[in-house]
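If you check Swiss-Prot, you get these features:
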- H118: chlorophyll a ChlzD1 binding site (BINDING)
- H215, S264, F265: quinone binding site (BINDING)
- T2: phosphothreonine (MOD_RES)
- Y161: site 'Tyrosine radical intermediate' (SITE)
- H190: site 'Stabilizes free radical intermediate' (SITE)
- 29-46: transmembrane segment (TRANSMEM)
- 118-133: transmembrane segment (TRANSMEM)
- 142-156: transmembrane segment (TRANSMEM)
- 197-218: transmembrane segment (TRANSMEM)
- 274-288: transmembrane segment (TRANSMEM)
Amino acid sequence: MTAILERRESESLWGRFCNWITSTENRLYIGWFGVLMIPTLLTATSVFIIAFIAAPPVDIDGIREPVSGSLLYGNNIISGAIIPTSAAIGLHFYPIWEAASVDEWLYNGGPYELIVLHFLLGVACYMGREWELSFRLGMRPWIAVAYSAPVAAATAVFLIYPIGQGSFSDGMPLGISGTFNFMIVFQAEHNILMHPFHMLGVAGVFGGSLFSAMHGSLVTSSLIRETTENESANEGYRFGQEEETYNIVAAHGYFGRLIFQYASFNNSRSLHFFLAAWPVVGIWFTALGISTMAFNLNGFNFNQSVVDSQGRVINTWADIINRANLGMEVMHERNAHNFPLDLAAVEVPSING
């Protein structure tokens, strides 16, 4: 009888836990995805803060030339970064227990791999948690779909690109200047500026910013005034009110006359879908571009594509970009190799004929 009571009590505790996890009445929804999201993001955040402050230099290129990234080793907020895991480790799974000592783990950049893998798992669970909460509330799933764009972008630079290049040392450093360095080296090695998917991503991000500013300014300019001239127009809105807060007909008429009639939306739902879809699709394409360039399917190469009647090259902007790429490639990892990879790959002529 005692055993039966204990089993019922344990089932009751489990049931209460399940109800609490999935309850939409909590101040912050947890959900089953949140059970995994919370510890992974806490781990990634904690290790990032500690490593950014105090991690020792990391042998990123695997040539016994450590690079300092933490504040206590001479960096500031701008120059500081979590240095990627050493090229000597490559793509190996490198937890603390795989190293001979903590010092070795730190020297080989173990914190980077720990942070990145926990972070990617955490943000993927955050996306799942968005879907889960939408499902519980009877909402459509588009919030999670929109969030999939930055998740895909992060996965591309932190996981797919290192896999394609063969080492976590090629991943994006976790810092401001490290991000810029990653971008410059990426351009040098893959000519990303000439890749159509990157162009679509630029159109998505800048276009999304433009459309957001246009929409916000149109709405703000066509508010239905509920207050006097001496009060803020914002005071005329009450949370949950059924009435429209702005005159979409006026906004539609203004924009239609400013550009042309069919440039303006007359359906609020299709308008907001467009505002969400434009940047999301653009960032999806950017992530896809990074993922293809990870395996060296690079941007277009129009070098020396224009010649005169004598066969002399007429330089185009593509040739200027190529010259800049060579300069950037020469300068990065300058002690790891003597020549840019594309120059070193040229077949050497035979001396003996």
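In case you wondered, yes, glycine gets a Cβ from its N, Cα and C as well.
These numbers come from a predicted model, not from an experiment.
When Cβ-Cβ distances below 8 Å are used as the criterion, the transmembrane segment (274-288) is approached by residues 142, 145-146, 148-150, 152-153, 155-156, 197-198, 200-205, 207-208, 211-212, 215, 265 of the same chain, each at least six residues removed from its ends. At the 8 Å Cβ threshold, with sequence separation of at least 6, the transmembrane segment (142-156) comes into contact with the transmembrane segment (118-133) through 3 or more pairs. Other Cβ atoms within 10 Å of the Cβ of H215 (quinone binding site), summed over all protein chains shown, number 17. In the three-state DSSP classification, Y161 (site 'Tyrosine radical intermediate') falls within a helix. Residues of the same chain lying 6 or more positions beyond the ends of the transmembrane segment (118-133) and with a Cβ under 8 Å from any Cβ of it are 24, 29-34, 36-37, 40-41, 43-44, 47, 139, 141, 143-144, 147-148, 150-151, 154-155, 158-159. Under 8 Å from some Cβ of the transmembrane segment (29-46) lie the Cβ atoms of residues 20-23, 114-116, 118-119, 121-123, 125-126, 128-129, 132-133, 136, all in the same chain and six or more residues away from its ends. With a threshold of 8 Å between CB atoms, the same-chain residues lying at least 6 positions outside the transmembrane segment (197-218) that come near it are 251, 254-255, 271, 274-275, 278-283, 285-286, 288-289, 292, 299. Cβ neighbour count for H118 (chlorophyll a ChlzD1 binding site) (all protein chains, 10 Å cutoff from its Cβ): 20. Distance from the CA of the residue listed as 'chlorophyll a ChlzD1 binding site' to the CA of Y161 (site 'Tyrosine radical intermediate') is 17 Å. One way to see the shell of the quinone site is to take the Cβ centroid of H215, S264, F265; the remaining same-chain residues with a Cβ within 8 Å of it are M214, L218, A251, H252, F255, L271.
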